Amino acid sequence: MRMIMFFLVGLLVHVIFFISIFDIYFTSPLVHGMAPQVSPLPPPASRLLLVVADGLRADSLYKPDANGSTRAPYLRSVMEETGSWGVSHTRVPTESRPGHVALIAGFYEDVSAVAKGWKENPVEFDSVFNESRHTWCWGSPDILPMFAKGASGDHVYTYTYPAEREDFASTDASRLDTWVFDEVKSFLQSARVNSSLMSSLQKDQNVFFLHLLGIDTNGHAHRPMSQEYLENIRLVDSGVKELVSMVEDLFGNDGRTAYVFTSDHGMTNWGSHGAGHPSETLTPLLVWGAGVHTAQRVTEPQKYSDGYLQEWQLEGLRRVDVNQADIAPLMSSLIGVPIPLNSVGVLPLQYLNNSDQFKAESMYSNAIQILEQFKVKMAQKKETTLSFLFTPYQLLTESRQAEFINKARVLIQLEEYEEAISLCRSLIGHALEGLSYYHTYDRFFLGCSVVLGFTGWTSYVVLVILKTHASLRRPPTPTDQVSSKTLWWMGVGATLLIGMFLIIQRSPVTYYIYCLLPVPVWYSVLKEFGTLTDLVRSYSSLPLGKCFGYFALVTFGIELLVLSFFYRAMLTVGLAVLSLWPLLSGLYSKAKFRSVSWVLCCLFLATFPMMPVVGREANIHIVTCAGVLSLFISTFYLWLARKRTTLHLTDRYLLIFQMLHVAVCAYVPTSTHSSLQLKQGLPLLNQMISWTTLGSSLFVPLLSSTRLFHRLLSIFLSLTATYLLLSTGSEALFPPVLSWLMFVWINIEQEAMLSQGISGRQELSTLDFSENIDITKIRQLKLDDIRRSYFFVFFIITAFFGTGNIASINSFDPASVYCFLTVFNPFIMGGLMMWKVIIPFIIVMCTFETIQVSTQLSSRSLFLIVLVISDLMALHFFFLVQDYGSWLDIGTSISHYVIVMSMTIFLMLLSLMTHILTSGRVSLWRTRKMHFP
């Protein structure tokens, strides 16, 4: 009962630490209650047509092909004659929803949207569509509804195709774009005979939005260098040309239409996006029509040093780069609607072809709009902070704000437009810095609370280990009882003081949890102070040299694991060092064959972290080879074990069936990818086999014998079958090699026990998972058990990063899930990819469960050491979290902490699951009772 309570408390503490990172770093930056800002001067355009080519890379549009000709002749002519162009720089995560939010609402989405698959609004926000008189949208059901849902009133009209059309196995994904163009043409034609619609169209401040998903879908399915992707660009170019002609004709060539063509994100060469590679963050931007500068020739070298101008053969045309959020105020300025209230974009004046007064007034509106957000944010923080503790942002105090505003108005009245624009830019810079200042105002305070709780919990776990396994238990004394009462009253006093402080500051509920958690944790630590005192007193009897040696090795090992999150090659170094363990420990002389097997397996596994994470070409033949290797390993084991243990007939048939199933699953990816290449879609039989395999992967092993190696073999075959279906190349070899190393680890640990003189060692072939562990045989922890626990953590991290980097969204090839589905669904696809990562996890966890049984240790004992090691890593990453530098660096630092914390929580839950997976038994048929020798 105490163990279950300890497990639940530990789980709760880690869940709180895990959630804290979202309160500290991932709270929504949006505020509400600002007044809309718009320029008082008439706008140059009455209507705007926005075309977003989803997944279009800048170089794919701008760079000429091998023959020197352009893939988009109409858009190229716009760049060279009638419009302005540049590169729009997106931010991480480079996904469709965050990209569209930045384009249309002007701010960079917070991560809370990922919980809804980047589709729904976690927080309501303003947008150009919402501020427009009418907006008509055509495109994907994944993108359009969120802007209609966030709009006030019913002036945003959406037309979408069924979600089932977003199929990566489609014979021609460009038909998605053809559908959009056809619908828009039909809409414009119907306006000629519909007077009510025509009346709405002729009003000002209207927006037409085309979301074109075909390029993105073809990029995922065939890669950006494929003929399908490039042909789709040509189709979009011709579609835009025809559409512009129809719009101009409908409105009588009145010169009052502005056009914006861009993309939400790019795409890597291997057909994925989400991270911060230049191919993902650099997108095209073309603006032309009413109020926009025509092409401007330049003779002098431009300020850009990235080399793209020469590569794209555009050195003679002025290039104007923007941040993606800057496009929202640009569109607002062109049609004269208020800039979205939460926009952080800065109006790119180089695109505007208007008077200096219009530019200055537009820039002033932009500055006031961002300043309004700053004022609301400052007021909110001032209300919830004690006056003597509140520290305002010094560069933008209330007096400084008034000074900026008054001076800007005076300069505009004096027609000193350039100076006014410069002053407004300075005000925008200060306001954005101030927004960040108040958004992160409580970060240090919350961080200290979490660290205090973290260190307290880790200290408590260490004390529990020492108290249980270092013979430091002692009966309580009267002094201890007095100290305990004093501690209790101190804890109550601290709780009341902290609670009162938070109540006065009107802090959120979560703040109470983070600030009050350290109180009971440190109360528990100080309550065990006597244990620490006893340890200090008995230091003379401890093998201090050996203890410090182990401490140094574990410290080095933890640092190695931390580095492996940044450099996967460190896992290769670690495995190479681990391979020397039998030689350094003297096990080689006692078990040469097992030691050699250990060395070879470590070195084979060490090759995987050296392989490229992303960008590798699919090689289905390797998947087939991995299936053959799995069958060979299984057959070889059965041949070795035929004389050691007797296998019941039904168990033998089950293993044979599983081996045949692995053979089928090794063939299914070949069949599926062949069908997709021929554009015949996903075969129904293959899909049924895949889902059935996935659904039964954790059930089938429960039918097998609970004898140690028989159950492990059944688990290996069941999980390998699923892994093969989720593989596209060399990663399919990872589970067989990992499993072989785990098998050797189990065997060599028996030799390690023998060399340490631990009595009561059983033969592995006689162990049964279902047998109750004899409590009298459970031993106390030894220093070598720290090494076992570290090995486990190391192999868990290797399972994480061995074939890919889970911290990066674009590490996974969407083709991995094509045996299961080809229609875009972020939750199902993400779930399948996560299961692919979890499979090696389960293999390592089952091995650890086996070692606990074979080394006669309670699961609690080793798991506590694992908990300390993983918590030390998590604390390390908590200090490495940063909110400066590139967005990729910020995202990576946060994701590392989230991964380690998730791993700790996940290990607690997975240990329970693997216990059931190894020791549980389901009987579908009656068997004769057997007596094992």
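Each residue, glycine too, has its Cβ placed from N, Cα and C.
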Which range of 46-62, 573-589, 743-759 is transmembrane segment, per TrEMBL: 573-589
Recorded stretches the transmembrane segment (620-641) and the transmembrane segment (653-672) touching, at least 3 CB pairs under 8 Å: yes
Cβ-based contact of the transmembrane segment (547-567) with the transmembrane segment (862-882), 3 or more pairs under 8 Å: yes
Stretch with greatest number of CB pairs under 8 Å, the transmembrane segment (862-882) reference, 596-614, 653-672, 827-850, 894-918 candidates: 894-918
For the transmembrane segment (573-589), sequence-distant contacts whose Cβ falls under 8 Å of one of its Cβ atoms, 6 or more beyond its ends: 557, 560-561, 564, 595, 598-599, 602-603, 605-606, 609, 748, 751-752, 755, 791, 794, 798
